[in-house]
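Enquirer: Below are the features listed in TrEMBL for this protein:
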- 60-432: domain 'Ammonium transporter AmtB-like' (DOMAIN)
- 21-42: transmembrane segment (TRANSMEM)
- 96-117: transmembrane segment (TRANSMEM)
- 138-157: transmembrane segment (TRANSMEM)
- 163-184: transmembrane segment (TRANSMEM)
- 196-214: transmembrane segment (TRANSMEM)
- 234-253: transmembrane segment (TRANSMEM)
- 265-285: transmembrane segment (TRANSMEM)
- 318-338: transmembrane segment (TRANSMEM)
- 409-430: transmembrane segment (TRANSMEM)
- 478-502: transmembrane segment (TRANSMEM)
Amino acid sequence: MGAAQSFRELCDRTKNTNVRLSLPAVCIVWQTAMIILFGVFIRYNEESDTHWVEYRKENNLSDIQNDFYFRYPSFQDVHVMIFVGFGFLMTFLQRYSFGAVGFNFLIAAFGLQWALLMQGWFHSLDYTDGKIKIGVENLINADFCVAGCLIAYGAVLGKVSPVQLLVLTLFGITLFAVEEYIILDLIHAKDAGGSMVIHTFGGYYGLSISWMLYRPNLDQSNRLQSSVYHSDVFAMIGTLFLWMFWPSFNSAITDHGDGQHRAAINTYLALASTVLTTVAVSSLFQKHGKLDMVHIQNSTLAGGVAVGTAAEFMLMPYGSLIVGFCCGIISTLGYIFLTPFMEKYLKIQDTCGIHNLHAMPGVIGGIVGAITAAAATESVYGAEGLRNTFDFEGEFADRSTSKQGGHQAAGLCVAICFGVGGGILVGFILRLPIWGDPADDNCFNDEPYWEATPPQDKMSPKSGTINSLNFSLHFVSLKMFCFTSIEHIIIFLNLIFFFFFVKTEFII
């Protein structure tokens, strides 16, 4: 007990947010390590190498059959979700928009490099020459890997330093690659949209870290742990990006043809159903039937998470609607009841409510996947369709669908164990007082790590300024701020239209 108390006192000593040396050192050293490791291990695969011409002729293929042309449109969508969707979804805090978007950018940029290596060693290593061969599908999988860390970031949003986030990402990517290999390769579970591998793991990884980093005096930052009108609007932009592109996310790496087609349809329908039940429950439990923007920003996405595992199965359109219907209710109730309960009694401070958007829907997705797999029959899928959908080939050729359902459930358990166990371990490391994290009264604030303009209400008026003039200046500033915010939104919408134009031209 004495050692534990000493460690706790060490971790709770006065905070110093100066990362002038530690952040540049970590970024430079780790990026140098990436360059060296890429030089040693990473090479182009046969479809991105100059020898593609020879490979194409030997296998009687055409350039249009290169995997790039099948996968790149989905890669574009997933990439936008990672860098724009997740980033802007977390801008709801009134004074933490720089940290939400900027640190999201940092995590993703480092994480995708480390993911290409970690996933490559498990999935793409060519044992003839010891090299990892990468193509466009590896890029999509790396983005998926990063998504798990961005989900975890949501639980500790505003409470950690950028150095801590890089450490979280380093260990998170490593754990993800291992649990993904166990679930998809050893257990041979199917998880096209990552309900188990991405969302369940990422959710419980982040929640466990948040539990380890519990701050009993976080109420000192309550004034900043809230949104304002324009921050909610920008967060809603992130929601819409995620909502629109989620069918691509769940179908990006499924088999070409019917599997990919079915995954997009199932996700599309589940998302639509979730919106209506989220609005219904939000209105029902709020005073005077008013909607809570937190629910609309987050719970409307839960259906996309929950349908991920079974996305390529014969879930049927009505089944997708049922999954979305249930998740809209469960996720919204989670924000209303579970989030306060977890903070008060379980000591888990979940800034973004990832338990309601990712962890719970991920578990539901795993359960739906297990039931759907166990219930699969040859009369519904066809003999060839059953083998193709569940990859009943090689050593798994004799596996029955009921046994596959059991393995799906086992995969869910592995994801939870890795998330909780890995999060506790990494949280213990992040508690060390060497990372430059903010004090309890300075969380959810950009100022410790960004050159940010102080809010108007903290600026002292010059001596001799009369109250009426001060009020007028504030009023003019408010009008200018609202005007520039509208301008920013218009510019952002123009960028959206430009993106769709470029994407359409590429596909044509």
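Any Cβ shown, glycine's included, is placed from N, Cα and C.
I'd like these features described in context: how deep, what's nearby, how far apart.
Expert: When pLDDT is averaged over the domain 'Ammonium transporter AmtB-like' (60-432), the result is 96.
Only residues 6 or more beyond the boundaries of the transmembrane segment (138-157), in the same chain, are considered here, and those with a CB under 8 A from a CB of the stretch are 45, 71, 74-75, 78-79, 81-82, 86, 90, 93, 96, 99-100, 103-104, 107-108, 111-113, 115-116, 118-120, 123-124, 164-165, 168-169, 172-173, 176-177, 180, 194, 197-199, 201-203, 205-207, 209-210, 213, 252-253, 348-355, 357-358, 423, 444.
With a cut-off of 8 Å between Cβ atoms, the residues of this chain six or more beyond the transmembrane segment (163-184) that come close are 19, 22-23, 26-27, 30, 103, 106-107, 110-111, 114-115, 118-119, 121-123, 145-146, 148-149, 152-153, 156, 190-191, 196-198, 201-202, 205, 209, 411, 414-415, 418, 422, 425-426, 429-430, 435-437.
Panel annotation: around the transmembrane segment (196-214), residues 144, 147-156, 159-160, 168, 172, 175-176, 179-180, 183-184, 189, 305, 308-309, 346-351, 354-355, 357-363, 365-366, 369, 411-412, 414-416, 418-424, 426-428, 430-431 of the same chain, lying at least six beyond its termini, place a Cβ under 8 Å from a Cβ of the stretch.
Remote same-chain partners of the transmembrane segment (234-253), defined as residues 6 or more beyond its termini with a Cβ less than 8 Å from a stretch Cβ, comprise 71, 73-75, 77-78, 80-81, 84-92, 97, 137, 140-141, 144, 192-194, 227, 259-261, 263-268, 271, 293, 296-298, 300-301, 304, 307-308, 311-312, 489, 492.
Residues 193, 243, 246-247, 249-251, 291-292, 295-296, 299-304, 306-308, 310-312, 315, 317, 319-329, 331-333, 336 of the same chain, all 6+ positions outside the transmembrane segment (265-285), place their C-beta atoms under 8 angstroms from a C-beta of that stretch.
Long-range contacts of the transmembrane segment (409-430) within its own chain (CB-CB distance under 8 A, at least 6 residues past either end) are made by residues 152, 160, 164, 167-168, 171-172, 175, 178-179, 182-184, 187, 189, 191, 196-197, 200-213, 362-363, 366-367, 369-370, 437.
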Enquirer: Counting only residues 6 or more past its boundaries, what in the same chain has a CB within less than 8 Å of a CB in the transmembrane segment (96-117)?
Expert: 27, 30-31, 34, 37-38, 41-42, 82-83, 86-88, 90, 132, 134, 138-139, 141-143, 145-146, 149-150, 153, 157-158, 162, 165-166, 168-170, 172-174, 176-177, 224, 231, 234, 444-446, 449-450, 452
